[in-house]
Amino acid sequence: MHNIFKGLITALITPFKDNKLDLYALERIVKHQIKHEVDAVLIAGSTGESSSLSFEEYKLLLQTSVEIVNKCIPIISGCSSNNTTYARALAAESTKIGVDGFMASPPSYVKPTQHGIYKHFEALHEACNLPIMLYSAPTRSGVDFSDETILRLSKLPRIVALKDCGVDLERPLRIRATVKKDFNILTGNDEVVLAFNAQGGVGWTSVASNIVPNICKELLEKWNKNDTKGALEIHQKLLPLYTALFVESNPIPIKYAAYYLGLCENEIRPPLTEARDSAKKQIENIITSLSIKI
């Protein structure tokens with residue numbers, strides 16, 4: 001099985017207008033990613049405000065994205081839920097619509113045991129025939145995969161990757177030492193991408209690449225060509241942007257940045273609220289200083 005979970009994967013924002021999906025803005029957003037040749041796009045993840053979407057909106061978002069992409073790049077869907085039955089329904093619908101793989105986190109809020117996490121993903125694995133990327137986001141889920149659970153889950157044939165949003169930079173080394181198959185590990189934190197990849201990662205799912213996919217792609221290309229100095233120079237240049245995009249809860253800042261650059265409306269769903277004036281100013285300043293344009 002070809003492993004699609006590698007390289008630069010953009011965790012896309014979901015555009016809204018008048019509390020509905022803005023499909024015209026979605027086309028602009030997706031085509032911007034295709035233009036700059038990202039390796040894949042992630043639809044309806046945390047950055048895509050997945051928890052605010054109805055099932056019908058989720059289907060429409062995926063269907064429209066699949067039509068826009070038209071097989072140019074892989075599409076990964078988010079299938080996270082604290083309800084295993086609902087998560088299975090998301091996975092089954094993703095398969096039906098024709099995405100290329102999906103990602104899911106451990107169920108949030110309910111605090112399952114490690115065995116419960118395993119059974120949740122076993123159920124998702126049985127619900128579809130797509131490749132699956134585990135999503136470690138302990139600050140959002142409240143629970144995380146143990147290394148032992150990752151090893152156990154990796155023995156299911158279609159669980160082939162881990163997106164890690166934690167801060168344990170030794171983890172890629174430990175996983176690579178124990179998982180004996182084509183199992184890719186990616187960071188979900190823009191600011192640690194080089195350190196993470198130096199420890200065995202193979203790319204990252206990026207928030208910043210919503211607006212600078214070209215620069216993020218260049219960074220990763222330099223790293224993969226062993227141009228460490230060049231990659232570090234780009235990474236250092238982007239560090240203030242990474243900081244600005246997490247000055248408030250994701251995706252509040254990136255949604256404003258996309259609005260400021262003309263990609264979509266600055267509309268975000270409750271309980272999230274739009275960025276404060278101080279955050280907006282910080283984002284505007286870094287966009288200006290980096291000469292970011294769409």
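Each residue, glycine too, has its Cβ placed from N, Cα and C.
The model shown is predicted, which means the values in this text are computed figures rather than measured ones.
Taken verbatim from Swiss-Prot:
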- Tyr135: active site, proton donor/acceptor (ACT_SITE)
- Lys163: active site, schiff-base intermediate with substrate (ACT_SITE)
- Thr47, Thr205: pyruvate binding site (BINDING)
- Ser46: site 'Part of a proton relay during catalysis' (SITE)
- Tyr109: site 'Part of a proton relay during catalysis' (SITE)
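Feature map: annotations from Swiss-Prot on the structure.
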residue : record                                               : CB count, 10 Å
Ser46   : site 'Part of a proton relay during catalysis'       : 23
Thr47   : pyruvate binding site                                : 24
Tyr109  : site 'Part of a proton relay during catalysis'       : 9
Tyr135  : active site, proton donor/acceptor                   : 26
Lys163  : active site, schiff-base intermediate with substrate : 27
Thr205  : pyruvate binding site                                : 29
What recorded positions in the list Thr47, Tyr135, Thr205 lie within 10 angstroms of the residue listed as 'active site, schiff-base intermediate with substrate', counting C-alpha atoms?
Tyr135, Thr205
What's the CA-CA gap between Thr47 (pyruvate binding site) and Tyr135 (active site, proton donor/acceptor) in angstrom, rounded?
13
Reduced DSSP assignment, Thr205 (pyruvate binding site):
strand
For Tyr135 (active site, proton donor/acceptor) and Thr205 (pyruvate binding site), what Cα-Cα distance in Å is obtained after rounding to a whole number?
11
Helix, strand or coil by DSSP: which one applies to Tyr109 (site 'Part of a proton relay during catalysis')?
coil
